[in-house]
Amino acid sequence: MCRENSNCTDAENGNGYQCHCLKGFQGNPYLQNGCQDINECVISQPCVEICTNLPGTYNCSCPKGSRGDGKKDGNGCTPTKRFRSMDIVLGVSISFLLVLLGVSWLYWGLRERKISRRREKFFLENGGRLMLQKILSEREGSIESARIFTDEELKKAMDHYHESRILGQGGQGTVYRGILADNTVVAIKKAKILDRSQVEEFINELIILSQINQPNVVKLIGCCFETEVPLLVYEFVTNGTLSDHIHKCGHESTLSWRARLRIAGETAGALSYLHSDASAQILHRDIKSTNILLDENYTAKVADFGASRLVPLDGTQMTTLVQGTLGYLDPEYLCSSQLTEKSDVYSFGVVLAELLTGLRALSFERAENERNLSLYFASAIKGERLFEIINPMVLNEGNPEEIMEVAMLANQCLTVKGEDRPTMKEVAMELDGLMRVMDRHPCLNRSGDLEEAEDLLGERSSECDGILRSNASGSDEASECDGILRSNASGSNEASECDGILRSNASGSDEARSNASGSDDSISNQVSIEIESRR
């Protein structure tokens, strides 16, 4: 009997029957499951693309995007026209992408090489090699020197010059807040274009500034020479500028009299150090309340040495292009372009006047005769109106003798002729002495003993009189010079006028003496009236 997947035929000799497996099957047709399916797809591989084995047979098919019977002995598989176009587009796209990747790789490689060459070029032009040589020579002497940063280090620290990192912008450049790799917060200054002819002088200044270790001078940590203009890295001072605290927008300043006096003393000490005790005399040239920073303890730190100059060893003054800020500029320097340490003294006198009055150095919102604080301040002293312009908090916390002593010191700093001004060392010593007296006699603050106050006044009155006499005759002339400053004019006519003012100021002091005989009494009366009003 024939089994499944087989057929039965009569025997050829006429007796019995024969069994045969069906087409597509093979095996013994007389046994159960004897005829097994033949997998044509594996054995004969009749298809060109897709072969599907079926019981007793198979099926050939073509993939999507082609047509035909799919058989090797038939018409096979032919791609349709639409999908052939897509294949071409895909091939072109892949080829283009590969070419683009290759070009991009080449571009970025060349760009990095160009940037590297530019950095090297800037490094050399900005004095990087000279700086390295000087640092190495200084290190042999065990002297701390500035650190040299890479462009990438500082870009990362400033978040690629992001606007949110800008702390301030001024005449000397832009200052950014930066965070170094060790999480140190620093102030990074991007200076203006460097004069290539003065590279060596610039490097010498950097070396000297990096070696300054005075607590009231902002520390220069390092620099970067790999950019078009050098980047300078300073310690970060957290509490803003003195100007921010004196001139709070819409609010009364909360800076106490004692704090103001201490800040003035610390600033004077820093300038005295730069003028007299540094390895080379340094003239700041742009002292103003916005360049005096305060830390979390309200300790003063002199900043922004972008306009500073080293004094040549063979001279005490230099002829330079006039730089500075209106309202703080020394009129003698403005007229003659001769820079001396007394120019910083004048600017510091303006800062002292700011601390006493709370007024800005220059304000066009005030009346015309009050716009320039230095002239307004001198006029108030001359007209016995000093206490009318003193800041209310200063009047409330300080006693009249202290206020008058600081006012006289400020007035002396604001003398038109530089040679009549004190040195910063003398100013620092006087402010330090006043602070010591305040520490020893705290009871003198606000309502001190009248007799002791008058004794102190008597000792000071002769000095005050001298200051008044030296300035009384110069205030009108100084206003003319200040007019030139305000209009920012330049030229021989103005310069000659200024020279005449400075010369006439000296001769005018004798005439002023004849009118100053009662100055001791006037100052005493002014202070005594203030004391009586407080009683």
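Glycine is no exception: its Cβ is also placed from the backbone N, Cα and C atoms.
When Cβ-Cβ distances below 8 Å are used as the criterion, the domain 'EGF-like' (1-36) is approached by residues 55-57 of the same chain, each at least six residues removed from its ends. The domain 'EGF-like' annotation in TrEMBL covers 1-36.
Other C-beta atoms found within 10 angstroms of the C-beta of C19 (disulfide bond) number 17, with every protein chain shown included. As annotated by TrEMBL, disulfide bond applies to C2-C19.
Taken from TrEMBL, the feature transmembrane segment applies to 88-110.
Annotation source TrEMBL lists domain 'Protein kinase' at 161-444.
According to TrEMBL, the region 'Disordered' annotation covers 468-535.
Feature annotation from TrEMBL assigns compositional bias 'Polar residues' to 504-528.
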Same-chain residues six or more away whose CB lies under 8 A from the CB of C2 (disulfide bond)?
C8, Y17, C19, P29, Y30
Would you mind splitting the domain 'EGF-like' (1-36) into helix, strand and coil residue counts from DSSP?
0 helix, 15 strand, 21 coil
If you average the pLDDT over the domain 'Protein kinase' (161-444), what number do you get?
87
